[in-house]
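Enquirer: Mind having a look at this structure? Questions to follow.
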Amino acid sequence: MPEKENSCVGLNEPRLVVRKFLARPQHEGVGAVVRRSIGRFELRYFDPFLVLDEFSVTAPAGFPDHPHRGFETVTYMLQGAVTHEDFEGHKGTIGTGDIQWMTAGRGVVHSEMPAAQGTQKGLQLWINLSSKNKMIEPRYQEISSKDIAEATRDGIKVRVIAGEALGTKSPIYTRTPTMYLDFTLDPGAHLQQPIPDSWNAFVYVLEGEGIFGRTKSSPVNAHNLLLLGSGDGLEAWNKSNKSLRFILVGGEPLCEPLVQFGPFVMNTQEEIDQTIDDFENYTNGFEKARHWRSESGLSLDF
C-alpha cells in the first residue's frame, strides 16, 4: 500500500534498533501479572529508566502497601482503573487514558489497587532521579485523559504525555528530562520523530506490528521492547493492514552510580542501608508509615 507523507522534518541520522526483548508474563505484587522489559536480568537498567512493566490485574489482586525512595513512577492506564492511596492522605483514581506521575523523592508508602470490575491494564515506568533530587519532597502530577495533549497528522495520532511531538507539547514537568509519547499509526503511515542526540530511547509495542529504524527491518509485534541506538530521531512504518500502537520513551542519562534494593534506588550502598534503617524505624521521611494502612489493609514485606 502507498506510504503517507512523513509527519515531520527529515532526520539526519535515524536511530536503529540495537536490541530487542519480548516481555514475558511474571507475577508481581499480590496476584498481579506484569510483562517486565526493563528491570529484568537481561536489562537491569537503561539510564535513566529502571523498570517498565505492562501490568494486568483483577481484583482482589493488586499492589498493596509498599514503599519507594529515590525515583519517579509513571502509571499510564490502558484499560480499567486503579486507585492510589498514600500515607500523606493522598488518594485518587486514574482510569483509561489517565496518567499519574509520582515523584517519590525521600519517601512514599502507598498502594495501587483495582478500582473497577474485570481486568485493569496499564504501563508503569520507573525513572531514576539524580543524586541532588533523590531526597526531595514527594510530588504528584495527575492528568486525566481529556487533558493529555494530542495531535493528528498524515495517518499518525500521538498522545504527548511528556515532551513534544507534531508541534504539541505536554504540560507535565519532568525532573529527569524525559519524553513519553503514545503513537498510533494507520496502515501505510510513516513517522519521523526527533529525539535529542544525547538521550537514551526505546520503543514498546502495544498493538499491531511495525517496522522501526530502517524500512527493510523485520516487523515487530506487541509486547516487544526495542532499544534504539544513537541518532537524532526515530523512523517507523506501518506496512500492515491494521493499526500500530507503541510508546516512544526517551530520557537524558544521569551517568551516576546506582544501587537498588527493591523499591529503593540510591547512589551508594551506604545510602541504601540508611534507607532501610529509615523505613524500618519510621524516620527521615517515613514517619507517617508507622500508623498508616491503606483501605485495602494489605502490605508487602521488604
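A Cβ is built for glycine as well, from the same backbone N, Cα and C atoms used for every other residue.
From TrEMBL, here are the annotated features:
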{"type": "BINDING", "residues": "His66, His68, His110, Glu112", "note": "Fe cation binding site"}
{"type": "DOMAIN", "residues": "34-127", "note": "domain 'Pirin N-terminal'"}
{"type": "DOMAIN", "residues": "180-284", "note": "domain 'Pirin C-terminal'"}
Enquirer: Near the Cβ of His68 (Fe cation binding site), how many other Cβ atoms are there if near means within 10 Å?
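Expert: Counting Cβ neighbours of His68 (Fe cation binding site) within 10 Å gives 22.
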Enquirer: Given the recorded Fe cation site (His66, His68, His110, Glu112), which additional residues of the same chain have their Cβ within 8 Å of the Cβ centre, ordered by sequence?
Expert: Phe63, Asp65, Pro67, Thr73, His84, Asp86, Val108, Val109, Ser111, Pro263
Enquirer: Excluding near sequence neighbours, so keeping only residues 6 or more apart in the same chain, what lies with its CB under 8 A of His110 (Fe cation binding site)?
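Expert: Sequence-distant Cβ neighbours: Asp65, His66, His68, His84, Glu85, Asp86, Phe87, His90, Met102, Ser294.
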Enquirer: What are the non-local neighbours of Glu112 (Fe cation binding site), defined as same-chain residues 6+ apart in sequence with CB under 8 A from its CB?
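Expert: Non-local contacts for Glu112 (Fe cation binding site): Gly62, Phe63, Thr75, Val82, Thr83, His84.
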Enquirer: Counting across all protein chains present, how many other Cβ atoms fall within 10 Å of the Cβ of His66 (Fe cation binding site)?
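Expert: Taking every protein chain into account, the count is 19.
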Enquirer: Within the domain 'Pirin N-terminal' (34-127), how many residues are helix, strand or coil going by DSSP?
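Expert: Taking each residue of the domain 'Pirin N-terminal' (34-127) in turn, the totals are 0 helix, 65 strand, 29 coil.
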